[in-house]
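A.B. asks: There's a structure below that I have some questions on.
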Amino acid sequence: MTLPCIALIAHDQKKDDMADFARQHQKALSRFRIVATGTTGGKVQEACPDLQVTRLRSGPLGGDQQIGAMIATGDVDMLLFFIDPLTSMPHDVDVKALTRLATVYDIPMALNRATAEKLIDFQ
Ligand SMILES: O=C(CO)COP(=O)(O)O
C-alpha cells in the first residue's frame, strides 16, 4: 500500500515555524510520503532527520510549480503551505497558481500553522 503524499512549503519568515511544526508532528508526518520545495525541505530534514523528504526546486525557481503539477496528476494529497502575507515575492504568480490548483483538485490545504495543526490531527 502506498502512503498518501503531503507537500510542505514555507516562505522564509515561516520556515522556523515549519521546522517546529514538523518536529512536533513527526509521528503523523511519518505516515506520509513527504515532498517539499528545496529550502523548506532542507529545514524539515534538518529538524527531523528520521523523516524522508523529497526536495524539489526552490519555490522561486519552480518548486511551487512542480508541486502544482503533482497536484494536477493526483500525486499530492494534502498541502501545508505556511505563507508570509507581509512580504512581496517575485514568484507571487506561482504561489497563486499552486493554491488555485489545490482548490481546483479539492485537496486539503492549510495556508497557516493554525489550520495545519487541525488538518494533521485529523489524519
Ligand atoms: O518560495 C517558496 C514558496 O513560494 C518556498 O521555497 P523554498 O522552500 O525553496 O524557500
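The first residue you see is number 1, and the count goes up from there.
Here the Cβ of each residue, glycine as well, is placed from N, Cα and C on the backbone.
So TrEMBL lists the following for this protein:
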- D64: active site, proton donor/acceptor (ACT_SITE)
- H11, K15, T37, G38, T39, T40, S58, G59, H91: substrate binding site (BINDING)
- 1-123: domain 'MGS-like' (DOMAIN)
A.B. asks: Pull out the binding-site residues from the set H11, T37, T39, S58, H91 whose C-alpha sits within 10 Å of the C-alpha of the residue listed as 'active site, proton donor/acceptor'.
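C.D. replies: Near the residue listed as 'active site, proton donor/acceptor' by Cα: T37, S58, H91.
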A.B. asks: List the helix, strand and coil residue totals of the domain 'MGS-like' (1-123) as derived from DSSP.
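C.D. replies: The counts are 63 helix, 20 strand, 40 coil.
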A.B. asks: Max Cα-Cα distance in Å among H11, K15, T37, G38, T39, T40, S58, G59, H91, the residues listed as binding substrate?
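C.D. replies: That value is 17 Å for the farthest Cα pair.
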A.B. asks: Hey, of the binding-site residues listed (T37, T39), which one tops the CB count within 10 A?
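C.D. replies: Going through T37, T39 one by one, the largest Cβ count within 10 Å is at T37.
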A.B. asks: Tell me, if you would, which residue among H11, H91 (binding-site residues) has the fewest other CB atoms within 10 Å in the structure shown?
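C.D. replies: Per-residue Cβ counts within 10 Å for the binding-site residues H11, H91 bottom out at H91.
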